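> Take this structure, written in structure tokens, and hold onto it; I'll ask about it next.
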Amino acid sequence: MVISVSCAPLCNLPRPLRSTPPLLTPLQVIMVSHKEFEGAGKQPGLQVWRIENMDLKPVPKGLHGNFYTGDAYLLLFTTQAPSHYIHMWIGDECTQDESGAAAIFATQLDDFLGGGPVQFRETQNNESLTFVGYFKSGIKYQKGGVASGFQHVVTNDMNVKRLLHIKGRRAIRATEVAMSWASFNQGDCFIVDLGKDIYQWCGSECNRFERLKASQVAIDIRDNERNGRAKLQMVEEGAEPPALTEALGPKTSIAPATPDDDKVDTSNRKKGALYMISDASGSMKSSVVAQSSPFKQAMLSPEECYILDNGVDRNIFVWKGPKANMTERKAAMAAAQQFIKEKGYSDKTQIQVLPAGGETTLFKQFFSDWKDKDQTTGPSKAYTIGRIAKVEQVPFDASTLHSNKAMAAQHGMVDDGKGKVQIWRVENGEKVPVDPSSYGQFYGGDCYLILYSYRLGGREQHIIYTWQGLKCTQDELAASAFLTVKLDDSMGGAPVQVRVTQGQEPPHLMSLFQGKPMMIHSGGTSRKGGQTKAGATRLFHIRQSSSRATRAVEVEPSASNLNTNDVFVLKSPDALFVWRGVGASDEELEAAKHVAGFLGGSANNVAEGKEPAGFWSVLGGKKDYQTSKSLQNMVKPPRLFGCSNKTGRLIVEEVPGDFTQSDLATDDVMLLDTWDQIFIWVGNEANAEERTGAPKIAKEYVDSDPSGRRGLPISTIKQGAEPPTFTGWFQAWDANMWDTDPLDRIRARF
């Protein structure tokens with residue numbers, strides 16, 4: 001039987017019987033490109049489509065992260081390289097027809113992109129870390145779907161009425177629940193979204209970090225779904241305002257906290273079996289290659305396709321040999337679904353389909369001797385996913401960890417930053433124009449409004465960035481929020497509003513200064529007359545993000561802040577140095593020239609390892625700094641985990657996406673795995689069980705590594721006393737970050 005799939009919707013597909021999942025072999029589908037694929041994967045970032053009436057409909061950028069539970073979605077994430085990740089997402093109430101259509105479109109898109117992408121099958125509440133990492137401010141599940149007439153539109157419509165239940169400390173999920181007091185419990189945060197007013201309700205037993213994460217969801221709804229036009233309020237259990245009882249009816253008693261679902265035991269990470277799949281007999285068959293991991297890389301023949309079965313941990317991987325026949329390669333996803341069914345695994349099992357050269361860390365950790373192309377030792381993660389021949393392996397530079405992919409995807413690199421830029425500083429409650437000659441200079445003691453205008457499809461579009469310095473006053477923070485709304489109103493409410501905290505600049509904002517780095521001064525102000533004097537000795541840390549924009553951040557002038565991967569500019573009353581680390585890029589050196597020009601004086605170029613004595617004396621003497629060679633040639637991003645017993649038992653969860661210093665939960669113990677060593681970071685408010693349990697977890701974590709890594713150094717460090725070997729993994733580490741309460745900082749953005 002041949003089904004012809006044209007560019008038109010898939011409405012002519014025969015309806016599969018309810019009892020059989022739609023397993024589509026390439027024999028059933030003739031590959032034809034879809035009109036939506038024409039722009040697919042052309043630019044770095046995230047693209048999202050929903051399956052509507054068996055066709056693909058794009059979801060607007062501002063609503064990325066919102067999923068209707070009755071629907072299926074197709075997502076494509078494109079990296080700078082470029083390389084591609086395809087995800088099909090299936091909601092709990094999605095029909096077989098829609099999930100079948102999603103599978104066809106995923107296979108077509110993979111085909112359209114030349115068979116090089118990594119493919120994931122995601123199910124509601126069981127998404128991969130890769131997927132969750134795209135949405136740093138949380139995933140929102142909404143009731144309903146296409147069938148019940150629900151559309152994805154960004155509106156200024158204020159007639160919204162919904163209740164969201166917020167779960168998770170690292171991977172945040174907001175699920176729409178019945179609009180009633182019976183849905184609440186004392187251990188969690190809830191968002192009561194009434195359109196122009198958004199209330200964050202905190203149960204009496206919910207902890208600080210959960211409040212922090214729930215606030216990010218609330219801010220995201222305001223900024224992206226309401227274009228910044230809603231008011232946020234934090235409400236404590238027992239102090240509900242009348243508006244809540246009007247919306248929810250008279251308050252009834254609130255249920256006690258409920259324990260979270262048990263996490264799968266880490267020992268399951270060891271359990272894997274390897275199967276070869278073939279269609280020699282005309283139908284897919286699997287035969288055992290090895291009963292248990294660790295495996296040897298030589299077991300994978302380039303002529304074949306394989307299934308790595310880690311079903312006990314709800315993971316199935318399909319590896320496509322570069323020389324395997326086309327039928328086998330295209331049927332990979334269908335074969336995995338068939339395999340799950342035969343093994344009786346949960347239909348929530350995650351599937352990853354990997355081309356040779358595009359293996360994920362999760363897959364490679366099952367092999368004891370994995371070597372990537374151009375690499376000589378141990379298991380690793382290539383930052384570039386794609387066909388080896390076409391895509392050069394991008395050497396790792398630490399900026400790829402910190403440039404915030406999730407933010408770039410959410411706020412979108414809308415263009416190349418060459419539009420019109422206007423900047424104002426907040427002064428005495430008013431906005432005062434900044435002299436264009438100093439555009440790109442930002443002072444920690446100030447707040448700024450940046451209006452960016454560009455043309456898209458013949459229409460003028462606007463973004464207002466509100467940049468808030470870490471040392472500005474409470475009055476300036478309030479004024480910056482008020483002035484943003486005023487500016488937005490004066491432009492008819494059309495602009496997109498983006499609030500930016502110093503040090504968390506999205507790539508697009510960094511790209512507005514056209515070839516010049518964005519310079520962030522730690523304190524001070526650019527006001528005439530009110531100018532506070534800068535320190536006599538200043539040090540700027542220059543790093544390029546994965547979107548090719550550079551940022552120069554002022555740090556404490558101490559040798560411990562140097563980093564072998566970056567460029568630094570050091571200014572003293574009688575000298576100016578440009579220091580280049582071994583792993584730094586030419587673009588970072590280029591950016592340093594602008595910084596040196598701004599600071600004035602003629603610069604001495606200093607190469608790491610050849611520093612004159614005068615250089616060290618300006619920095620107050622030579623000290624240890626981040627020189628990890630693994631950071632230099634590394635093709636493996638470090639991983640950050642939280643260890644928490646907030647649920648009553650000690651569990652370990654990975655932080656999704658690109659982590660930052662603010663992902664370190666002060667009421668937990670965190671594990672940082674940098675591949676050649678493990679750090680245990682102890683937050684000041686972590687409890688006794690977490691403190692005593694973490695070293696044991698770290699040891700188990702290393703010992704249960706399927707690749708057989710053993711005996712790594714494990715360092716325990718305390719919040720506030722972090723050595724440079726730890727802080728160097730975070731860009732522009734702020735030693736004073738915890739002097740103010742993180743909760744107060746996020747409340748200031750309400």
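Keep in mind that glycine also has a Cβ here, set from the backbone N, Cα and C atoms.
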> In TrEMBL, one of 239-266, 267-294, 351-378, 547-574 is tagged region 'Disordered'. Which stretch would that be?
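Of the candidate stretches, TrEMBL labels 239-266 as region 'Disordered'.
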> By DSSP, what is the split of the domain 'Gelsolin-like' (287-363) into helix, strand and coil residues?
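Counts, helix then strand then coil: 26 helix, 23 strand, 28 coil.
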> Where else in the chain does the domain 'Gelsolin-like' (550-593) make close Cβ contacts, counting only residues six or more beyond its ends and a cut-off under 8 Å?
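Long-range Cβ neighbours of the domain 'Gelsolin-like' (550-593): 397-398, 444, 503, 505, 510, 516-522, 535-544, 599-609, 611, 614-616, 618-629, 631-633, 724, 728, 731-733, 735.
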> Give me the DSSP three-state residue breakdown of the domain 'Gelsolin-like' (652-726), ordered helix, strand, coil.
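In the domain 'Gelsolin-like' (652-726), the DSSP-based counts are 22 helix, 18 strand, 35 coil.
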> Count, for each of 172-244, 287-363, 430-510, 652-726, the Cβ pairs lying under 8 Å from the domain 'Gelsolin-like' (57-131), and report the range with the highest count.
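Of the candidates 172-244, 287-363, 430-510, 652-726, 287-363 scores highest.
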> Count, for each of 172-244, 287-363, 652-726, the Cβ pairs lying under 8 Å from the domain 'Gelsolin-like' (430-510), and report the range with the highest count.
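The stretch I would name here is 172-244.
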